[in-house]
Amino acid sequence: MKEKRALFVAGPTCSGKSALALAVAERLGGTVINADSMQIYRELRILTARPDQEEEARVPHRLYGVLPASQPGSAAWWRDQAITAMEESWQQGRLPILCGGTGLYFHALMHGFADIPDPGEEARQEARSLLAELGPESLHARLAEADPATAARLKPQDSQRIARAWEVWRGTESGLSAWQNQPPRPLPGWDFAAIRIDPPREELRQAITARLHGMLDNGALAEVEALRVQALDPSLPAMRAHGVPEFLAFLRGDISLPEAMQRAAQATIRYTKRQATWFRNRPFVKPPFLYTIDARIASFQQLSERSMADMLNFIRAFH
């Protein structure tokens with residue numbers, strides 16, 4: 001049986017992945033599937049530069065804005081959802097195009113995770129109750145007695161991961177670290193190719209600053225204010241998205257808007273460095289199934305005719 005095919009469009013934040021994935025999907029008949037850990041959150045369209053409604057209407061888009069900010073996503077959850085979206089896209093005769101900069105997601109999709117049993121609702125409720133009653137640091141201390149290997153890897157303030165580790169220990173009678181040491185479940189039946197955008201660092205820095213200004217003009221502060229009134233746990237993934245902590249500090253009156261902008265830009269730039277390091281050190285697809293573009297893609301038309309032809313031929317040969 002012929003292997004199914006999927007394409008990654010990968011690169012650091014603000015490199016132009018979404019524009020490129022959309023253009024490829026339009027030209028080759030694809031479905032764009034989100035592989036960004038923050039674009040899954042419903043309330044974060046502006047701050048995560050999610051495709052707008054007009055772009056989403058041009059080709060099928062999946063897994064964008066599907067979780068509320070109050071619900072933590074995970075790589076394991078995303079993997080299950082992405083596999084379903086890929087299968088549906090392939091059955092419809094469309095090329096699955098996974099677009100994002102979260103290297104862990106790409107690695108998880110291809111290589112899988114250990115199969116951790118569901119700890120059950122009773123264990124989840126206990127973890128939530130203890131977290132509310134004791135706070136993360138005290139619950140972390142209890143976890144250190146029950147599952148020291150996992151506790152040693154967690155920060156005492158990381159309430160979501162501490163609660164998850166506690167519920168796994170209580171519900172499965174085995175520590176989370178022990179389950180994670182089990183052999184992973186790789187994804188069979190799929191072949192992957194990748195387009196990786198790798199722009200110069202200074203070009204990326206300028207684009208990040210410009211994007212932040214554009215986000216302010218488009219309502220980023222209102223987006224953060226809508227999160228603030230929900231009084232969510234600050235350790236939730238959505239509350240740690242680039243720009244959210246910084247603009248929250250501004251809205252509280254702790255810092256000025258220029259300082260919030262500077263901090264948000266610096267945090268994003270540091271993140272792009274970590275993304276680049278991940279892609280260099282853990283390549284998820286290697287030549288000849290990897291096509292690299294060494295410039296930021298502001299639009300598909302920015303590519304030269306030769307580059308466009310070469311890239312599309314690369315995809316067609318794989319697909």
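Any Cβ shown, glycine's included, is placed from N, Cα and C.
Residues or ranges marked as ATP binding site in Swiss-Prot: G11, P12, T13, C14, S15, G16, K17, S18. DSSP assigns G16 (ATP binding site) to coil in the three-state reduction, outside any helix or strand.
Look at Swiss-Prot and you will find T13, C14, S15, G16, K17, S18 tagged as substrate binding site, backed by sequence analysis.
Summarising the annotation, Swiss-Prot assigns region 'Interaction with substrate tRNA' to 36-39 (among others) and lists sequence analysis as the type of evidence. Regional average pLDDT for the region 'Interaction with substrate tRNA' (36-39) in the model is 96.
In the region 'Interaction with substrate tRNA' (160-164), helix, strand and coil residues by DSSP number 5 helix, 0 strand, 0 coil. Among the features that Swiss-Prot reports, region 'Interaction with substrate tRNA' is placed at 160-164 (among others).
Within 10 Å of the C-beta of T102 (site 'Interaction with substrate tRNA') we count 21 further C-beta atoms, all protein chains included. The secondary structure of T102 (site 'Interaction with substrate tRNA'), as reduced to three states from DSSP, is coil rather than helix or strand. The site 'Interaction with substrate tRNA' annotation in Swiss-Prot covers T102 (among others) and rests on sequence analysis.
Close to R124 (site 'Interaction with substrate tRNA') in the fold, though at least 6 residues off in sequence, lie E167, G171, each with a CB less than 8 Å from its CB. Summarising the annotation, Swiss-Prot assigns site 'Interaction with substrate tRNA' to R124 (among others) and lists sequence analysis as the type of evidence.
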By a Cβ-Cβ criterion of under 8 Å, what residues six or more beyond either terminus of the region 'Interaction with substrate tRNA' (160-164) are in contact with it?
72, 127-128, 130-131, 136, 139-140, 143, 151, 154, 176, 233, 235-237
For the region 'Interaction with substrate tRNA' (36-39), what does DSSP give as the number of helix, strand and coil residues?
0 helix, 0 strand, 4 coil
Measuring Cα to Cα, how many angstrom lie between G16 (ATP binding site) and T102 (site 'Interaction with substrate tRNA')?
14
Report the member of T13, S15, S18 (the binding-site residues) whose C-beta atom has the most other C-beta atoms within 10 angstroms.
S15
